[in-house]
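Engineer: Supplied in structure tokens, the structure appears directly below.
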Amino acid sequence: MATENKAKPSTVTNKGKKRKQYLPHNKAVKKKGAYPLRPGVQGFFITCDGGRERQAAHEALDVIDSFFEELVNGKDFREEPAVLPNKPLNKKITFSYSDDEGDDDDDKGDGEGEEEGQEEVIKSNASKEIDASQENLTNKDLDHPNSDDVCHGKVTEENSDNQKDGANIENQADNLEEPPAKKQCLETDTSKSATNEKEKSIDKLIEAELNELGDKSKRLFFNLDSGCNGVVFVQMRKRDGVPSPKDIVQHMMTSAASTRKHMSRFILRVLPVEVACYSSEEEITRAMKPLIEQYFPVETQNPRKFAVLYEARANSGIDRMKIINSVAKSVPAPHKVDLSNPDMTIVVEIVKTICLIGVVEKYKELAKYNLRQLTSPKQ
């Protein structure tokens, strides 16, 4: 009885407040959303308006994917259909009745009248022939009243011949109209079969693309959670024979500067990231070695001028000048530092405890890789 009278444990206290709910021991917490930013990835560092990270991430995936397909396939998927010059845009067009419409209707009526007139002529000719044959028969009957057998035999033969002639004339008129209809039927059948094959092939391509998008392991671009306000990071999987993030961003900026076509509403700046490591001086110098060997070789006849761009977010425990000096010292001797007019710019972006490093060209000439400034109209 004592056990039955015991009150059941509840999560509500006497004051009406709910107690904290704890997960069972040794069970992982299921986190919703994108995975956090981590070392060892490559992709795109994107800045956007504060509070618009989700919208900017969706736009960035679409824009990057379109420019990637341009580089791989050599086609411009963002081109809009050409507008005819005779049809002006943003102008109100009013239609009024005119005499031309009546003329067109008269022309149509004349064409139909001609066809009907031809059919009537054919029928009238046939009827005239039949009437003439009947008149001949009646005259013969009057001339030869006693020859009934002969006359009736001739009449029946001539009537049958005249009926055959009239039937042949009508069949000829019908045959003149039949061939176009048959041709049209054949053309429609062939066109329908061709369109059905095209629709089937398009459906198969769409299904294959949807299956590829549904499988996360096959995605080339996907979003990572940066953990900072106004920052989006899009990771790109490392594959052989695929353009690097630097090539994609360079193509994006040059095309934006040449066309000045609006591409995005929320994206501000897009920078390529080829190396990601922890934000310590030793890790940065170690991770930069393959980049320096690729873009700043020791044995070269054309030394390059370079500059270092440093920016930190949500991390105030790192000395700025130490990182800049360590990056500049890691570049070999033939190449020189030039802050006013550099050929290459080494970008160092620190987000919390992660350091993102990339190399860009024409940083100042391309409006510091700011899409909004590149696509805005010149004033």
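Cβ atoms here come from the backbone N, Cα and C positions, even for glycine.
Reproduced below are the annotations present in TrEMBL:
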- 15-31: compositional bias 'Basic residues' (COMPBIAS)
- 98-119: compositional bias 'Acidic residues' (COMPBIAS)
- 120-131: compositional bias 'Basic and acidic residues' (COMPBIAS)
- 138-164: compositional bias 'Basic and acidic residues' (COMPBIAS)
- 179-198: compositional bias 'Basic and acidic residues' (COMPBIAS)
- 255-361: domain 'THUMP' (DOMAIN)
- 1-31: region 'Disordered' (REGION)
- 77-198: region 'Disordered' (REGION)
Engineer: Please give the average pLDDT for the domain 'THUMP' (255-361) in this predicted model.
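Structural biologist: Mean pLDDT, the domain 'THUMP' (255-361): 93.
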Engineer: Report the DSSP secondary-structure composition of the domain 'THUMP' (255-361) as helix, strand and coil residue counts.
Structural biologist: 29 helix, 38 strand, 40 coil
